[in-house]
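Look at Swiss-Prot and you will find Cys2-Cys16, Cys9-Cys21, Cys15-Cys26, Cys20-Cys33 tagged as disulfide bond, backed by similarity to another entry. If you look up Swiss-Prot, you'll see Glu13, Glu14 marked as 4-carboxyglutamate. Per Swiss-Prot, the feature 6'-bromotryptophan maps to Trp34; the stated evidence is experimental evidence.
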Amino acid sequence: ECKTNKMSCSLHEECCRFRCCFHGKCQTSVFGCWVDP
C-alpha cells in the first residue's frame, strides 16, 4: 500500500514508514517524514 524507495511520490505520507518524499521519490530517513507535525 505504501511506496518504497525510489517510487514516485508527491507527499511524504505516500511513502512507507521512515521514508520521506524528496525530489519526487521516496527515500529512507531516520526521522521518518510520515510523522511530520
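Each residue, glycine too, has its Cβ placed from N, Cα and C.
Fewest other C-beta atoms within 10 Å: among the disulfide-bonded residues Cys2, Cys9, that description fits Cys2. Between the candidate modified residues, Glu13, Glu14, the densest Cβ environment within 10 Å is the one around Glu14. Rounded to a whole number, the C-alpha distance linking Cys20 (disulfide bond) with Cys9 (disulfide bond) is 9 angstrom. With respect to their backbone Cα atoms, Cys26 (disulfide bond) and Cys9 (disulfide bond) stand 6 Å from each other. Counting Cβ atoms from all protein chains shown, Cys16 (disulfide bond) has 15 others lying within 10 Å of its own Cβ.
Cys9 (disulfide bond) sits 11 Å from Cys16 (disulfide bond), counting Cα to Cα.
Between Glu14 (4-carboxyglutamate) and Cys33 (disulfide bond), the C-alpha separation comes to 10 Å. Put simply, Cys15 is the one of the recorded positions Glu13, Cys15, Cys21, Cys33 whose Cα lies nearest to the Cα of Cys2 (disulfide bond). Here the CA atom of Cys21 (disulfide bond) lies 8 Å from the CA atom of Cys33 (disulfide bond).
When secondary structure is read from DSSP and collapsed to three states, Cys16 (disulfide bond) falls in the coil class. The local packing around Cys26 (disulfide bond), expressed as other Cβ atoms within 10 Å of its Cβ over all shown chains, amounts to 22. The DSSP secondary structure for Cys2 (disulfide bond) is coil.
Under the three-state DSSP scheme, Cys33 (disulfide bond) falls in the helix class.
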